[in-house]
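Undergrad: Below is one structure. I have some questions about it.
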Amino acid sequence: MYHPRVSTEISHHNNTSHNDMIEKQSSQSLYGQNDYTNDYGSSRYEHSIGYSENDQPMSTEERALVRKIDFFVMPIICTINLLQFIDKSTINYAGVMGFQKDIGLVDNQFSLLGSIFYLGYLLYQLPNNYFLQRFSVGRYIGCIVFIWGAILACTATGTNFSQMAALRFLLGFFEAGIYPCLTLLVSTFYRRHEQAARLGAFWLCNGIALIVGGLISYGIGRMDDTKGLYNWQWIMIILGCITSFVGLFSFFFLIDNPKSRALNLNAEQEILVEERTRDNAVVRTTTIKRDQIIEAVKEVRFWCFCIACLLINLQNGAMTIYNAQITEGFGFTGLDSILLTIGAGGSTVLFIVLGVWCVNKTQQTLYTACGLMAIDIVGLILLLAIPTPKVKLVGFYMAWSYCAAYVLLVTSISNNVSGYTKKIFYNGLLMVFYTLGNFCGPLMMVSTQAPNYTGGMIGYMCANVVVVCLLLVARWRMSIVNKRRMMKPSSILTNVEDDLSDVQDTNFLYRL
């Protein structure tokens with residue numbers, strides 16, 4: 001059996017406060033003793049298994065291994081994530097191309113089409129959790145991506161609200177599994193301190209999707225009445241075919257095992273894979289552990305994260321299907337308003353890069369998320385209160401900072417939840433609350449309040465204030481556990497193959 005790397009070098013940090021020590025050590029799991037002294041006495045941790053940026057530098061072999069993983073896994077993950085965002089947003093672009101008139105939508109039926117997507121999304125979450133633990137993740141991803149691409153192409157055939165509602169429901173149903181799948185892949189392949197950048201990269205694709213989707217839609221928008229089809233129909237057909245092709249490619253080429261033969265690992269890299277698996281605390285198992293589910297439900301931070309996820313995504317649900325119409329309300333034409341959504345994509349990319357950079361510099365994931373939510377709140381105030389179109393546009397772009405905050409929320413869960421069943425349960429329930437938020441969000445955009453949508457904007461601001469409070473509570477709860485474990489270190493060596501949860505493994509420290 002492979003034994004953990006042991007560090008015996010002892011350092012003394014007499015001038016470091018206890019809280020600073022907790023922050024520094026929260027980047028890794030502890031096995032036995034660690035090499036730091038705390039202010040409460042002579043407890044000295046002498047052995048460390050958990051790799052962190054504060055440990056030894058990454059070896060040449062490990063750098064080569066990470067490059068391989070990045071090459072084989074990240075491009076497919078990012079492409080799928082980009083397409084899923086564009087695909088569910090096609091209705092946003094169609095909304096300024098005469099879509100409502102062409103199929104006879106009235107009152108709030110457009111908002112309902114946005115919301116019903118997430119009804120399908122919600123209903124698939126529990127089956128998705130089951131399938132994730134029973135089937136190959138790579139093959140499973142390929143299947144659902146192919147199916148939703150075909151459904152998107154078929155959406156072009158809808159001629160009334162009922163048909164469109166059914167197709168949007170099915171689109172949401174099959175897109176529902178993708179976020180938990182991709183998050184699970186990242187947490188399986190990468191060390192905990194590497195995950196923020198990788199999760200940031202594939203969430204960055206949401207911003208890139210706004211840019212790419214805007215450009216594609218602007219170009220296709222000039223194809224109206226080509227071959228007897230509306231321009232919005234061409235958008236759905238072309239993007240649906242592209243997505244189905246990517247699904248087929250993923251089915252055959254997306255790897256889901258760190259020991260895959262495709263990585264062509266040498267002997268040293270095989271040992272490194274074992275060690276990295278210990279650090280990210282993810283060992284795939286088909287056994288569903290009910291005790292880990294019960295443990296998750298009893299945690300305060302679980303409910304903080306879930307409710308925060310719901311509240312953040314109230315705004316996301318609206319921005320996803322209304323962003324072109326919001327900018328059109330500033331006085332721009334339909335196609336020009338689509339071009340302005342490119343700026344929203346750019347601001348999303350900027351905020352995610354800024355957020356990941358801040359986390360890497362400060363090691364403060366949830367504090368950074370709170371700062372990003374504050375920027376969002378200011379943006380919504382500008383969007384609502386200032387009559388000048390240019391200032392409104394600045395506020396509109398600032399309001400997209402919530403995307404980066406959500407990335408960090410997901411990163412915190414990925415870093416701080418161990419136990420395969422518990423991790424899947426956390427991600428699955430998070431997606432349930434994500435879905436509820438996105439379902440309710442568009443319904444807050446009442447058509448009679450256009451173009452300012454005052455009621456919706458005030459609601460999103462209030463929700464975001466509560467999000468900040470919930471994230472601070474979750475961080476506080478994890479910091480308490482870190483302090484207790486640092487003060488009374490465990491002498492028991494635990495093995496990652498035991499598939500212990502973060503509560504069961506008393507050597508586990510949370511990244512705050």
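Going from the start of the chain as shown, residues are counted 1 onward.
Positions of Cβ are set from backbone N, Cα and C atoms, glycine also.
So TrEMBL has the following annotated:
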type	residues	note
TRANSMEM	69-86	transmembrane segment
DOMAIN	73-481	domain 'Major facilitator superfamily (MFS) profile'
TRANSMEM	106-124	transmembrane segment
TRANSMEM	136-159	transmembrane segment
TRANSMEM	165-189	transmembrane segment
TRANSMEM	201-220	transmembrane segment
TRANSMEM	232-255	transmembrane segment
TRANSMEM	300-318	transmembrane segment
TRANSMEM	338-359	transmembrane segment
TRANSMEM	366-387	transmembrane segment
TRANSMEM	393-412	transmembrane segment
TRANSMEM	424-445	transmembrane segment
TRANSMEM	457-478	transmembrane segment
Undergrad: Do the transmembrane segment (165-189) and the transmembrane segment (338-359) come together with 3 or more C-beta pairs under 8 Å, pairs six or more apart in sequence?
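TA: By the criterion, they do not touch.
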Undergrad: Six or more residues beyond either end and a Cβ under 8 Å away: which residues meet both conditions relative to the transmembrane segment (232-255)?
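TA: Sequence-distant neighbours of the transmembrane segment (232-255): 72-73, 76, 79-80, 83, 86-87, 90, 93-94, 97-99, 102, 138-139, 141-156, 216-217, 220, 223, 226, 262-263.
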Undergrad: Please identify the stretch among 201-220, 366-387, 393-412 with the greatest number of Cβ pairs below 8 Å relative to the transmembrane segment (457-478).
TA: 366-387
Undergrad: Any residues 6+ beyond the ends of the transmembrane segment (106-124) with a Cβ under 8 Å from its own?
TA: 88, 91, 95, 100, 161, 164-165, 168-177, 317, 320-322, 431-432, 435-436, 438-443, 445-447
Undergrad: Is the count of Cβ pairs under 8 Å between the transmembrane segment (300-318) and the transmembrane segment (69-86), pairs 6 or more apart in sequence, 3 or more?
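TA: By the criterion, they do not touch.
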